Amino acid sequence: MPHPRRYHSSERGSRGSYHEHYQSRKHKRRRSRSWSSSSDRTRRRRREDSYHVRSRSSYDDHSSDRRLYDRRYCGSYRRNDYSRDRGEAYYDTDFRQSYEYHRENSSYRSQRSSRRKHRRRRRRSRTFSRSSSHSSRRAKSVEDDAEGHLIYHVGDWLQERYEIVSTLGEGTFGRVVQCVDHRRGGTQVALKIIKNVEKYKEAARLEINVLEKINEKDPDNKNLCVQMFDWFDYHGHMCISFELLGLSTFDFLKDNNYLPYPIHQVRHMAFQLCQAVKFLHDNKLTHTDLKPENILFVNSDYELTYNLEKKRDERSVKSTAVRVVDFGSATFDHEHHSTIVSTRHYRAPEVILELGWSQPCDVWSIGCIIFEYYVGFTLFQTHDNREHLAMMERILGPVPSRMIRKTRKQKYFYRGRLDWDENTSAGRYVRENCKPLRRYLTSEAEDHHQLFDLIENMLEYEPAKRLTLGEALQHPFFACLRTEPPNTKLWDSSRDISR
C-alpha cells in the first residue's frame, strides 16, 4: 500500500487561529456553528441509548442475566457517542460492497476504481485548513479505508513533521496514533486523525475552537485540561496533536479487573477533576461529557502486587496526576444548549426531564465518577429514562415534586410520583442491584463518610441546590490536599474565554 504523500505546511502562527480562519471561509453560506453543532449533538444524543457500547439488553423475563457490573470495553483512545452504524452510513451500501470486492482483487483496475471512489467522496466534503490547499486535490498515494479512516503505516510522515510510531486506539471518530514531532525536538505526541467524514470533521472543528481558547487562557497548562499542540487538515482528515498521556481512568480500572482505587487515590483524582472543571465553569464553559473514559492519567505506569486472598495480581498506579480530555461536546454559556447531553450513566436528572441544564450537570457527572472510582462499577447502569429515574429514587430518595411539576416528561409520572412497577423484570432488577447510597460504604472510617457526604451533595436532584465546584474544593474530604488559603483562587477568572 503506498504511503501518505508528504507536504510541507506553514507554521500555525502564520495561518491564524482556527476561529479566525473558520469565519473567513468563502464557501457557500451555511448555518452558524452554534446552531449546526447543537443540532448535530441533539441528533447524536437522541440516538445514543440504542447503540452506546455499554448498553444492556432490553427488558426480558430473565433478570438474572442482566448483570449490573458487565461493562463492555471499546479499546480506543477515548469513548465517544457515535455508533459504528452511523459512521458506515456515510457511504452507500453499493459503495462499501464494491470497495471490499476491489480490495480483495488488488489489481490495477481496482486501484483506478478506488481513486474514482475517493474523488466521489471528496466532492461531498469540504477541506478546511488554509495549509491544506493540497487536500482539495487528494494525492494518488493517499488512501482511506471503507469507513473513512486514513490508511497509514508505521514510519509514515505527515506534514514532513509527524513520524508515526504506533496506533494508540481506534473509535468511530477516527484513530489516535503515537508520533514523533520532529519540529518539537523529537517530542512524543498523540495525534488524533479524524475520519474523512463531514460530521466527524465538524465535531473536530468545534473541539479545536474550544482547545484554542483554553490554550489562550491557560498557556502554561496549569488547570489540568489536555494541551493541544497543533492542528491541521491532511487530505480531508482533521488532525489534532496533543500531549501524550497514559491510559484513561476507566481503562486502568478495567485492566485491573474493576478493582476500586484506594481512597487516597480517589481523593487526589477527584480534587484534580474538580479543579479542572471549575476552571471551565469559571470561564463560562460546560464540558457536558465527563466520564472516566475522558479522564486520563498523565502516566499510567503501575506497581504489581499479588493478592493471596483473591489469588490474582493487582495493579496500583504510581502517579494519580490526571488530565481532562474530549472537548468535542463542550458548550459555552452563550451557545445554544441542545436538549440531551452527557453519556447516559453520568446524565443529570434535569437533562433526563428536559428542564434545561448548565454547569451543575457537570457536577452531577463528577459525583457519579467519584463513586465509580470508589466501588469499581457504575452507579446508574441503565439505558432507559424511566429505569434511570427509578434507580435514582432507590439510591437517593424521591424526585422532588417541584421538578415533577415542571417537567414536560409527564409520561414518567402518575399523580405526582414516578410511574414504576417493582413487580416487573425491570423493577426486580433495580430492587436487587440498587440500594441507598450510604450502604455502598466499604469502611466506617471518617474519610469514607466525608467522601460520601461530598458525593451526596454532588448528586442533589435540584441543580440550584447542588454543590458548586468552588464549594467542593473546600469540602473536608479535600482538607489534606489544600495548599492555598480558602479564598485564594488558583487562576484569574476575570477574563472570559467564551467569545
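Every residue, even glycine, has its Cβ placed from backbone N, Cα and C.
Per Swiss-Prot, the feature compositional bias 'Basic and acidic residues' maps to 8-23 (among others).
Under the heading compositional bias 'Basic residues', Swiss-Prot lists 24-33 (among others).
Look at Swiss-Prot and you will find S34 (among others) tagged as phosphoserine, backed by similarity to another entry.
Swiss-Prot lists 47-65 (among others) with the feature compositional bias 'Basic and acidic residues'.
Taken from Swiss-Prot, the feature phosphoserine applies to S98 (among others).
According to Swiss-Prot, the phosphotyrosine annotation covers Y99 (among others), on the basis of experimental evidence.
Annotation source Swiss-Prot lists compositional bias 'Basic residues' at 112-127 (among others).
Sequence annotations record features per position, and here Swiss-Prot assigns phosphothreonine to T127 (among others) based on similarity to another entry.
DSSP assigns S141 (phosphoserine) to coil in the three-state reduction, outside any helix or strand. Around the Cβ of S141 (phosphoserine), the number of neighbouring Cβ atoms within 10 Å comes to 12. Under the heading phosphoserine, Swiss-Prot lists S141 (among others), citing experimental evidence as support.
Neighbour count (other Cβ atoms within 10 Å of the Cβ, all protein chains): 21 for Y152 (phosphotyrosine). Residues annotated as phosphotyrosine in Swiss-Prot, with similarity to another entry given as evidence: Y152 (among others).
Per Swiss-Prot, the feature domain 'Protein kinase' maps to 163-479.
Of all the Cβ atoms in the protein chains shown, 22 others lie within 10 Å of the Cβ of T343 (phosphothreonine). According to DSSP, T343 (phosphothreonine) sits in a coil region rather than a helix or strand. Look at Swiss-Prot and you will find T343 (among others) tagged as phosphothreonine.
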Cα separation, S141 (phosphoserine) to Y152 (phosphotyrosine) (Å, whole number): 10
